[in-house]
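TrEMBL lists Lys162, Lys267 with the feature active site, proton acceptor. Residues or ranges marked as substrate binding site in TrEMBL: Arg24, Thr135, Lys160, Cys295, Leu297, Asp320, Asp322. Feature annotation from TrEMBL assigns Mg(2+) binding site to Asp190, Glu218, Asp243. Among the features that TrEMBL reports, domain 'Mandelate racemase/muconate lactonizing enzyme C-terminal' is placed at 141-239.
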Amino acid sequence: MKITAIQLGHLSVPLKTPFKTALRTVDSIENIAVRIMTDTGHIGYGEAAPTAVITGDTLSSIGGAVKNYIAPQLIGLDIENLEAIMMKLDKVLVKNTSAKAAVDIALYDLFGQYYKAPLYKLLGGFRKEITTDITISVNMPEEMVRDSISAVARGYKTLKIKVGKDARMDLKRLKAIREAVGENIQLRIDANQGWKPKEAVSILRDIEDAGLAIEFVEQPVAAHDFEGLKYVTDHVTFPVMADESIFSPKDALKILQERAVDLINIKLMKTGGIHQALKIIAIAEAYGVECMMGCMLESKLSVTAAAHVAAAKNIVTKIDLDGPGLCSIDPFDGGAIFKGERILLQEIPGLGFTDVPESIFS
Ligand SMILES: C[C@H](N)C(=O)N[C@@H](CCC(=O)O)C(=O)O
Ligand SMILES: [Mg+2]
C-alpha cells in the first residue's frame, strides 16, 4: 500500500455555543482536513486544528507544512513500513505539530486498514467504550450554571470547568456550579495558564476551604513555567495536570523526573500525532502517572483517532474528547460513535470512516 497523494481540505463546523477559555473565544471550528491516497485505493483521513495560542499553528502554516514539506517526502512510501514514514515525518521540519498530527492520523488510519483491524485493537485493545467530560466555557457564573445544568440534563456526569479568566470570579463560579449540580457530578477545572503560581495556590486553597470537591486542576500556570507548576503541585492537595506544558516525550520526561505534576493531558495536536503520543503514554506508565486524552477544537475526524488511542491504553484513565459534542453538526459517517458522554469504537478497519464529504476537499 503505497502513498500516491496527500490532499488538503477545509473543514468548517459551527459550534453549538461560543467556546471560551482564559486564552481565546471561538464560534466555529475552521480546521484542515487531510486525506492520503494510496495505490490500492485505500484512503486515510486526518485533521489539524490551528490553535495558534497553544501550538503556534495557523491555517496557512498547517497548509504550507503539509503541502510543501511533508507531502513531497512521503509520496511513494509504503504503509507497511510505518516506522520509516514516522521518522521522515518527525525530521522533515521541527514543531508544526498540528500539521504532523493530521498526516500521522491519516497514516494510522491506513495502517489499520492495511491490517484490516480497528486501530484501537492494533494499539492494545484495552476497551471499546470510553466516557468523556464536557467543557463549560468561562463566563459569568449565572451563564456557567445554566450551561452546567444543561450538560447534566444531557447525561454528562463529569464537567470540565474553564477558569483562569478574572481570578477573583473563579471561586464564585465554582461555588455556583457545585450548588446547582449537586455532589454527584464530578468537576475538573482548567485554568489554561491563567494564574500566577502563588495566586493559583491561594485560589485552590480557597476552593478546598469552601469544601468544593474538584477532581484535578489542569494547567494552572504558564506553559513554560515548569518551576511554577511544581510549586503549585507541592502546595495544594488537589492533583495538578500538565496540558500546555507537555508537547513532546522530552517534555514529559523532564516534568515527570521533577515530579512537577500528578497527571498529564495528551493531545494529538500537541504531540504531532499518535506515534509520539504513544511514547508519552509509555513514559507516563513508567512513572505510574495517569493520563487524560484531550483534544483541541476538533471534529469527529481527528477526535476519533484520539478515542482509539485512549481506548487502547490502560494508563489513559481520563477523557476530554468533547470536540464532536461541542459541534452543531457532524459532517461524517463512520468513525467512533459519540452519544452524549459515551464514545464507542466500531469494529471497522482503521478509524472506520465510511463517508467523508467530497466537498471538503474541492
Ligand atoms: C475542547 C477541550 N475540552 C479543551 O478544553 N481543550 C483545550 C483547549 C482547546 C482550544 O483552545 O481549542 C484545553 O485546554 O484542554
Ligand atoms: Mg487544557
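Placed from the backbone N, Cα and C atoms, the Cβ positions cover glycine too.
Structure coloured by features recorded in TrEMBL.
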| residue | record | Cβ neighbours (10 Å) |
| --- | --- | --- |
| Thr135 | substrate binding site | 26 |
| Lys160 | substrate binding site | 24 |
| Lys162 | active site, proton acceptor | 24 |
| Asp190 | Mg(2+) binding site | 26 |
| Glu218 | Mg(2+) binding site | 29 |
| Asp243 | Mg(2+) binding site | 24 |
| Cys295 | substrate binding site | 25 |
| Leu297 | substrate binding site | 22 |
| Asp320 | substrate binding site | 24 |
| Asp322 | substrate binding site | 25 |
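If you compare Cα positions, Lys162 (active site, proton acceptor) sits closest to Arg24 out of the recorded positions Arg24, Lys267, Leu297.
Residue environment of Arg24 (substrate binding site) contains 13 other Cβ atoms, counted within 10 Å of its Cβ in all protein chains. Screening the binding-site residues Thr135, Asp190, Glu218, Asp243, Leu297 for a C-beta under 6 A from any atom of ligand 2 leaves Asp190, Glu218, Asp243. Mean pLDDT of the predicted structure over the domain 'Mandelate racemase/muconate lactonizing enzyme C-terminal' (141-239): 97. With Lys267 (active site, proton acceptor) as the anchor, the candidate binding-site residues are Lys160, Asp190, Cys295, and the one with the nearest CA is Cys295. Within the domain 'Mandelate racemase/muconate lactonizing enzyme C-terminal' (141-239), the DSSP-based counts of helix, strand and coil residues read 51 helix, 12 strand, 36 coil.
Counting only the Cα atoms, the space from Asp322 (substrate binding site) to Asp190 (Mg(2+) binding site) is about 14 angstrom. All protein chains shown were included, and the count of other CB atoms within 10 Å of the CB of Lys267 (active site, proton acceptor) stands at 28. A 10 Å radius around the C-alpha of Asp190 (Mg(2+) binding site) takes in these binding-site residues out of Arg24, Lys160, Cys295, Leu297, Asp320, in sequence order: Lys160.
According to DSSP, Thr135 (substrate binding site) is assigned to a strand segment. Per the record's binding annotation for substrate, residues Arg24, Thr135, Lys160, Cys295, Leu297, Asp320, Asp322 show a top Cα-Cα distance of 18 Å. Other than Asp190, Glu218, Asp243, the residues of this chain whose Cβ falls within 8 Å of the Cβ centroid of the Mg(2+) site are, in sequence order, Lys160, Ile189, Ala191, Asn192, Val217, Gln219, Met241, Glu244, Asn265, Gly294.
A gap of 13 Å separates the Cα atoms of Glu218 (Mg(2+) binding site) and Thr135 (substrate binding site). Secondary structure at Arg24 (substrate binding site), taken from DSSP and collapsed to helix, strand or coil, is coil. Reduced to three states, the DSSP call for Cys295 (substrate binding site) is coil.
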